[in-house]
Amino acid sequence: MDLTALAGELQTGLKLQVLTNEPLSRHTTWRLGGPADLLARPRSREELDYCLSFARRKGLPLHILGNGSNLLVLDGGVRGLVVQTREWRQVIIEGRKILATAGTLLPGLLQVASKKGLGGLEFAAGIPATVGGAVVMNAGTPAGCLGDLVVGVEVLDYDGRRHILENREITFTYRHSSLHRAGTVVTVTLELVPDEVPAIRERIEANLHRRRSRQPLEWPNAGSVFKNPPGYYAGRLIEAVGAKGWRVGGAEVAEKHANFIINRGQATAADVMELIDRVREAVARQLGIDLELEIEVWGEGL
């Protein structure tokens, strides 16, 4: 595959930024992972549509990248085209409803909403995700999930057709949604709750403080590695088997929160995967509970 020629063709007629053999360690919160064959960074609806149609025409594998959180890219990298959405950020407010492009960062959306006196999204304070990625995985905390607020989601299906899906047409479950199979999220519309600005900001600060005090945010990480099994907290299970502080290469089970694996410097995806396997095996053997990954895994090993 001539990546330079493909990149040039993808850029034709647009001021689209396209990178070849781009290390995805630069674009993920874990700061690790191999290269993308092609990385495109659309800044408008037109550019996003063009990227998706280009991948279809060329038969390229397609991955949609938001802020790179909740994601492990293997060391061999990702074949085909990776489209990074976070360069196209737009927010429109109409009454209690707020429409955001998929690449809008949740912290930015929360800031805009709070200034307008719109509450209900405070549980998402500190989640380092784009709106598109967050709605696909139904991101949230024990205080709430994004799917609870969704009015509608605009998607482009795999044939390039546009659909507006209402909440009732989408299945939201714990850290998952049917949007995984729907295509590419373009915009998300949420319905929030009017409230006093100081009260909203107080809740945001309380949630940020709680997150900072309980999570190892001083180290590169991808958020929670495992889903909580029904009736349990994954972090407590991992702690119960004595896995806090376990280390493989530069990857370590965080002392502050055992459901986080941190990159202490020069960690590889292979280090992380080996640590994940060790933790899962220990929890299954000692407690009889299978831990399911919350993170996504892309690409191929070396």
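Using N, Cα and C of the backbone, Cβ positions are placed for all residues, glycine too.
Pulled from Swiss-Prot:
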type     : residues : note
ACT_SITE : Arg175   : active site
ACT_SITE : Ser224   : active site, proton donor
ACT_SITE : Glu294   : active site
DOMAIN   : 32-195   : domain 'FAD-binding PCMH-type'
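Under the three-state DSSP scheme, Ser224 (active site, proton donor) falls in the coil class. Glu294 (active site) and Ser224 (active site, proton donor) have their C-alpha atoms 7 Å apart, to the nearest angstrom. With a cut-off of 8 Å between CB atoms and residues at least 6 apart in sequence, the same chain places Met137, Asn138, Ala139, Gly140, Lys227, Glu294 near Arg175 (active site), listed in sequence order. The local packing around Glu294 (active site), expressed as other Cβ atoms within 10 Å of its Cβ over all shown chains, amounts to 20. Cβ neighbour count for Ser224 (active site, proton donor) (all protein chains, 10 Å cutoff from its Cβ): 20.
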